Every structure is written in C-alpha cells, then in structure tokens.
Amino acid sequence: MASSAFPQATFIDFMGATGEVPQDFLSGSIASMSSSSKTGGSRMQDVDLHTDFDTLEEPIRDTVRRDVRTVGAKFQHVLFPGSSDRKRLLKEWDLWGPLFICVFLSLLLHSQGGDAAPQFTQVFSLTFFGSIVVTLNIKLLGGEISFFQSLCVIGYCLLPPTISALLCSVLLSGRLFFLRLGLTALGFSWATYAAMGFLAEMQPPKKRLLVIYPIFLFYFIVSWLIVSHT
C-alpha cells in the first residue's frame, strides 16, 4: 500500500506526547472573534426579530383589514388607471382580488337564465385559464414582468366587465339588449385600456400589437358571455 502523504512526525507533534489534542487549539472567544471582525472589515448587523415586518403576533382582524385595504387600493387603480402608481401595483402583486372577481362573476352568470345559464366551472375555467394563457403569451414575447405580476393585472382588470355584468343582471335582466350591449362594451373597453396601461410599457415596442390582441380577445369573450347570459 502507498504511504500516506501526511507525515507521521507532523501528526505526533500536533497531538503531543499523550496523543490528545491540545486544549489551546480548541479554545476560543466569540467576543474576540467579533472584535477582530470590527478591525478586519465590515461588521455584521444584529438580527432583530421584533421588527415592523413581524406579523406573527398580529390579530387576525388587523391582518384581514390590511388585506382588504390592499385589494381595495388595487381596485381603485383599475377604475382610475391614469392616476395609479403602476410600479407599486406590480411590485405588491396578489391574487386575492382576481380570485374574488372570478368566483363572483361565475356565480353571477350561473344564476342567470335558468338551464341555459353557463355552469360555474365553465365561467371560472374560462376566466382563470384564459388569464394564464394571456400571461404565458406575454412572457413568451419577452415581457419584462413576472408571471404572477401579469396574472395579477389581468385578473384585477376583469373588474369593469364584472361591474357591467352586475348592472345588466340586476337592472336590465333580459331587457333592452342594446343598452346591455353598451354597458358591456364600456366595461370591455375600460378593462382593455387599464390592462394595457400596466402591460404595454413592459413589452418590446415591436411586439406590443402581439400582446394587445390576446388581451383584447380575452376580454371580448368574457364580455360577450356577459351580454348573452344577463
């Protein structure tokens, strides 16, 4: 067998005559290490577990109230897109609002028209998976936005068609087709305008038309579904 590359004499000198590891080798001081780190360069910051970002001890009522205010602020950004802070909306994305809109619109259309009304799963699948398809198209075209940020924007911008669906079902249920068509067209135009206000700047200039068309088609299908079943 080949001899070890580590010299035996060096091992004996390290262990000492008794064959034990010297205590001075294992002894140390954490304080001395911290003091040496001060002189050697940057100092590590102390970790404080009681910062403002710790919400584990926050009451559930405060948490729900904060989330509701956040969702309401995003609804306001969609209804008034010209005065919104788009970067903050994209940075603080969430999916609570889109989920609420999809569920509410599905229940609303399902309750209209009796047997001819679309099923809850049909409307929910159309709005949910339609948003995912549009988001994938945006990402494949090189959009400088994350998947969930795009999904958040497209979902929140379903609010204007949902409001038009609520007005048509409550005030104009089965009557005045052209008035229902006008309200739905207004909601469709508002949704498309609000979505493009957030997403157009994140796309390469030469590919913006390729992004606009799927968004236009998605909101058009949802709006036509609203006109047909309210």
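Just so you know, glycine gets a Cβ as well, placed from its N, Cα and C.
Just so you know, TrEMBL annotations are computer predictions that nobody has curated.
Note that the coordinates shown come from a computational prediction; the quantities given were computed from them, not determined experimentally.
As annotated by TrEMBL, domain 'Yip1' applies to 88-225. Among the features that TrEMBL reports, transmembrane segment is placed at 93-111, 123-141, 153-172, 178-198, 210-227.
Looking just at the domain 'Yip1' (88-225), the mean pLDDT is 86. According to DSSP, the domain 'Yip1' (88-225) comprises 113 helix, 0 strand, 25 coil. Within its own chain, the transmembrane segment (178-198) has Cβ neighbours under 8 Å at 78-79, 81-82, 84, 86, 89-90, 153-154, 157-165, 167-168, 172, 212, 215-216, 219-220, 222-224, 226-227, 230, counting only residues six or more beyond its boundaries. Long-range contacts of the transmembrane segment (123-141) within the same chain: residues 98, 101-103, 105-106, 109-110, 147, 150-151, 154-155, 158, 199, 202-204, 207, 210-211, 214-215, 218, 221-222, 225, each at least 6 residues beyond the stretch ends and with a Cβ under 8 Å from a Cβ of the stretch.
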